[in-house]
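Just below is one structure, and these are the notes that go with it.
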Amino acid sequence: MSDSILFAFSLTLLAGLATGIGSIIGFLSKDVNPKMLTVSLGFSAGVMLYVSMIEIFVKAKDALSVELGDKAGYIWTVIAFFVGIFVIALIDKLVPAYENPHEMNTEKIIEESSAKDKAKLLRMGLFSALAIGIHNFPEGLATFMSGLSNPTLGISIAVAIAIHNIPEGLAVSAPIYFATKSRKKAFVLSFLSGLAEPIGAIAGFFLLRTLFTELTFGLVFASVAGIMVYISLDELLPTAEEYGEHHLAIGGLVGGMLVMAVSLLLFL
């Protein structure tokens with residue numbers, strides 16, 4: 001296995017394991033700093049939006065233009081971009097809102113857990129773990145492909161997705177812990193949901209390695225850009241605003257874009 005593949009896989013694994021951090025927060029503390037969470041999620045959205053539109057979309061277009069010509073290359077980049085959005089939106093739609101970790105208020109779970117039926121809480125946590133696993137699969141592919149293309153790009157996306165995964169880990173562990181009072185169960189299930197990211201990377205690698213051409217790279221990368229834009233707009237920003245002030249979320253967003261822009265400029 002080449003160093004670049006090992007590096008990209010390691011990034012994906014670390015990003016996925018960030019759900020474990022969220023799970024620890026879920027059963028060790030009832031006090032999640034909402035302002036810090038708002039800024040962090042906004043920052044993550046900024047990184048992902050900037051890199052999707054400025055770097056990944058452009059790389060996809062360049063790769064497809066080499067194979068298909070400028071006009072056809074651009075058309076197929078746009079098509080693949082919206083296919084990526086459609087796929088992740090469909091996954092999101094197929095997960096019922098109550099069990100979807102992106103539709104849940106984890107603060108409310110913590111505050112009202114004593115009044116809830118424990119079996120219902122446990123079911124919520126288990127379905128949240130399943131939902132997060134489904135969502136993390138394409139995110140793992142996005143991180144892996146980015147790491148293969150450009151180490152700096154891969155690190156930035158891995159950090160953004162890791163930040164995104166922390167509240168997801170909390171969404172799994174909080175209901176399971178308050179239902180079972182078992183830290184071990186809460187941590188293990190949250191941890192396993194995060195492993196869907198490296199599994200997505202492995203699956204993507206084995207499926208695409210025999211077909212890996214400029215055309216394949218361009219189509220997959222454009223789809224990855226669409227997936228990341230959807231995650232940012234549908235999950236990260238709404239969740240950031242739910243936990244804190246609108247302007248804090250936007251400040252984090254701009255900060256993430258700025259940091260990403262500077263980091264890309266430094267490695268030109």
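A Cβ is built for glycine as well, from the same backbone N, Cα and C atoms used for every other residue.
These figures come from a predicted structure and were not determined experimentally.
Pulled from Swiss-Prot:
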type     : residues                               : note
BINDING  : Asn136, Glu139, Asn165, Glu168, Glu197 : Fe(2+) binding site
BINDING  : Glu139, His164, Glu168                 : Zn(2+) binding site
TRANSMEM : 5-25                                   : transmembrane segment
TRANSMEM : 38-58                                  : transmembrane segment
TRANSMEM : 72-92                                  : transmembrane segment
TRANSMEM : 124-144                                : transmembrane segment
TRANSMEM : 152-172                                : transmembrane segment
TRANSMEM : 187-207                                : transmembrane segment
TRANSMEM : 211-231                                : transmembrane segment
TRANSMEM : 248-268                                : transmembrane segment
Integer Å distance between the CA atoms belonging to His164 (Zn(2+) binding site) and Glu197 (Fe(2+) binding site): 13
Candidate ranges 5-25, 72-92, 152-172, 187-207, 211-231 - greatest C-beta contact count to the transmembrane segment (38-58) (under 8 angstroms): 152-172
Contact between the transmembrane segment (211-231) and the transmembrane segment (5-25) (3 or more Cβ pairs under 8 Å, separation 6+): no
Neighbour count (Cβ, 10 Å) for Glu139 (Fe(2+) binding site): 28
C-beta crowding around Glu197 (Fe(2+) binding site), within 10 angstroms: 34
Highest-contact recorded stretch vs the transmembrane segment (152-172), from 5-25, 72-92, 187-207, 248-268, CB pairs under 8 Å: 5-25
Set of same-chain residues at least 6 away whose C-beta sits under 8 angstroms from Asn165 (Fe(2+) binding site): Ala15, Gly16, Ala18, Thr19, Ile21, Gly22, Asn136, Gly194, Glu197
Remote residues contacting the transmembrane segment (5-25) - C-beta distance under 8 A, at least 6 residues beyond either end: 32, 132, 136, 139-140, 143-148, 151, 154-155, 157-159, 161-163, 165-173, 186-187, 189-191, 193-198, 200-202, 205
Separation of alpha carbons, Glu139 (Fe(2+) binding site) and His164 (Zn(2+) binding site) (Å): 11
